[in-house]
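The structure appears below as C-alpha cells.
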C-alpha cells in the first residue's frame, strides 16, 4: 500500500471514508468480491472530481460503483481505487417547466427511493423503476429498465465527470441510450446527477401501479437470495430465462452459484458462492444454450476485475 496515495485520499475526504483492502463483497448485491486496494466514499461532486484527479496523477485505475447491484467482482478484487457515492449526493429537486416537471437526483441516490420521492410528488412516468435495485447513477449508466419502461423514455439530461475530471452536461440524444447501453459506458464517464421530464398524475394510481409492479417482482424473482439481477441480456426474439429453462438448466449449480428455480434468468448466491463459481456457471449456461438453440447469451452483469471474462 502506498502511504502517499493513502494520505492524499484522506486529505480529499475524511479519514473514516477511506479504507484499504476493503472486501467488496460488502458492497455488491451478489455478496461476492475480493478486496479493493483503496475504497473511498464521496459525498460531493468536488470530492469525486478530486479523487479522479488523484488517480490520474498516480496512474491508478478507478472504478465507481453505486449500490453494486449489477456487478460481479473478481475474487482477487480490484487494483487501484473503488469510489462509492453516498445516497445523498446532490439531493433531490423538482421544478415546473412548459413541458411538465423536471426532477433531478444525485447519482448516489437509491433508485427505488428516488422513484418513491417522485411518486410522493404525484408525478408519473417513473413507476417502472420503483423496484429496480441499485443507484440512480447506475441506472443511467446501464439504461436500466423493467416492465415496459426504461431510463431513456423519460430522461432529459445528465451531468457527468470525464476521466479528466471535467463536468459535461449531456442531453437525451447525446447520452446515446439503447438497450443496457449508453455513451457513459463507452467513454468511461462518471454520472453526477440526472434530470427527468415527468407529468402530473393521480398519486393513488401511481402508488397502486408501483405496488403492483413490486408484487410482480416478489412473485417472479428470487429476491430472497443475493444476485446481480438479470444475468443475461435479452437476445433478440427470445427471453433468456425461457431459453435457460428449456435447456434443462433450472436449479443448475456450480459451487454456491445456482440458476434460480424461481426465475431461470437469475443466477443466485446460495450462501457461499465465489466469482469463480458464478463465472463457470455463466460459461456452462452460455455453452449449453448455444448448443441446443444456436443462441448466444450475452451477460448483462458487469464482470469486473482479474480473470472475470466469461
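Each Cβ is built from the backbone N, Cα and C atoms, and glycine gets one as well.
Less than 8 angstroms from the CB of residue 180 (active site) sit 142, 143, 144, 233, 300, each of them six or more residues away in the same chain. According to Swiss-Prot, the feature active site maps to 180 (among others).
Taken residue by residue with DSSP, residue 230 (active site, proton donor) is part of a strand. Among the features that Swiss-Prot reports, active site, proton donor is placed at 230, with the record citing sequence analysis.
What Swiss-Prot lists as active site is 300 (among others), and the listing cites sequence analysis.
The domain 'FAD-binding PCMH-type' annotation in Swiss-Prot covers 31-216.
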For residue 300 (active site): DSSP state (helix, strand, coil): coil
